[in-house]
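Worksheet: the structure to be examined is printed underneath.
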Amino acid sequence: MLADTFNLGIGKFLVNLIDFLIDNYSGFFDLISYVIQSGVDFFHILLFSINPYLMILLIAVIVWKTVNLKSMLYSVFFLVIIVMMGLWDTSMITLSLIITSTLIALLLGIPLGIVKARSKLVSTLLDPMLDVMQTLPSLAYLIPAVLFFGIGEVPGVIATVIFAMPPAIKLTALGIEQVSNELIEVGRAFGGTSWQILTKIELPTAVPSIMMGVNQAIMLSFSMVVIAGFIGSGGLGEVIISGIQRYSLAPALEAGIAVTFLAVIFDRITRNLVGSKI
């Protein structure tokens with residue numbers, strides 16, 4: 001066949017490239033793995049050190065202060081159901097993965113969004129990459145993570161970071177780009193430096209858009225952490241995947257309900273962290 005005759009062997013080239021990187025930069029990948037695993041372990045210890053009902057109380061207060069009483073009541077109901085299903089500890093593992101992934105995605109995504117808004121060259125380079133990242137099937141993110149970091153929590157976090165980062169970059173850039181030129185000119189007229197204009201005019205004005213990026217990053221982290229159960233990342237995702245593989249649907253359904261409840265609670269909180277509704 002003509003198609004077989006002109007096979008470019010891209011797959012073989014990529015495998016050779018990955019082998020080269022692993023052989024020559026193993027120390028770099030070990031460092032990344034150590035830092036991420038340390039972050040996950042820290043949140044493991046933190047979340048497991050808090051009594052479940054004290055945690056429910058803390059979350060209830062946060063929801064009440066940031067949203068309203070009605071949302072607080074159904075958040076408490078959701079969390080009590082998770083405890084009654086015996087999935088609290090598993091949910092805390094999932095939350096530690098999500099918190100670690102989201103923090104890394106935001107620490108990388110927000111600065112990149114700022115640079116993207118200020119540099120046409122960076123924007124031109126990033127836009128096609130972000131478009132590709134947002135159109136790739138979620139399972140595709142697991143492949144490079146597994147190749148470089150094996151299986152477990154670290155590749156799950158890395159795949160989740162890559163999956164959740166694009167909205168943080170795009171919405172941060174969008175928020176800064178929408179700041180009116182008049183405000184920037186006023187800042188310059190009063191002798192403001194570029195840093196002062198960024199921190200005192202552009203970023204505060206862009207907060208609603210940035211918070212929308214935070215919200216989207218968290219929601220994407222929830223969806224990706226479930227898929228990362230395929231590579232042994234642990235938590236509710238692994239319960240769901242294991243249940244499907246063994247045709248043990250009751251635990252899988254319960255874990256799916258727990259993920260949904262947690263996602264709804266975090267969605268409501270992050271949508272109301274700023275004064276106006278996002």
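Glycine is no exception: its Cβ is also placed from the backbone N, Cα and C atoms.
Taken verbatim from TrEMBL:
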- 91-270: domain 'ABC transmembrane type-1' (DOMAIN)
- 42-64: transmembrane segment (TRANSMEM)
- 71-88: transmembrane segment (TRANSMEM)
- 94-115: transmembrane segment (TRANSMEM)
- 139-165: transmembrane segment (TRANSMEM)
- 217-237: transmembrane segment (TRANSMEM)
- 249-266: transmembrane segment (TRANSMEM)
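Non-local neighbours of the transmembrane segment (249-266) in the same chain are 59, 63, 75, 78-79, 81-82, 85, 87, 90-91, 94-95, 218-219, 222, 226, 236-237, 239-240, 242-243; each lies 6+ residues outside the stretch with a CB under 8 Å from one of its CB atoms. Touching of the transmembrane segment (217-237) and the transmembrane segment (94-115) is concluded from the presence of at least three CB pairs under 8 A, sequence neighbours closer than 6 excluded. Sequence-distant contacts of the transmembrane segment (42-64) (same chain, six or more residues past either end, CB-CB distance under 8 Å): 71-72, 75-76, 79-80, 83, 88-89, 92-93, 95-96, 99-100, 265, 268-269.
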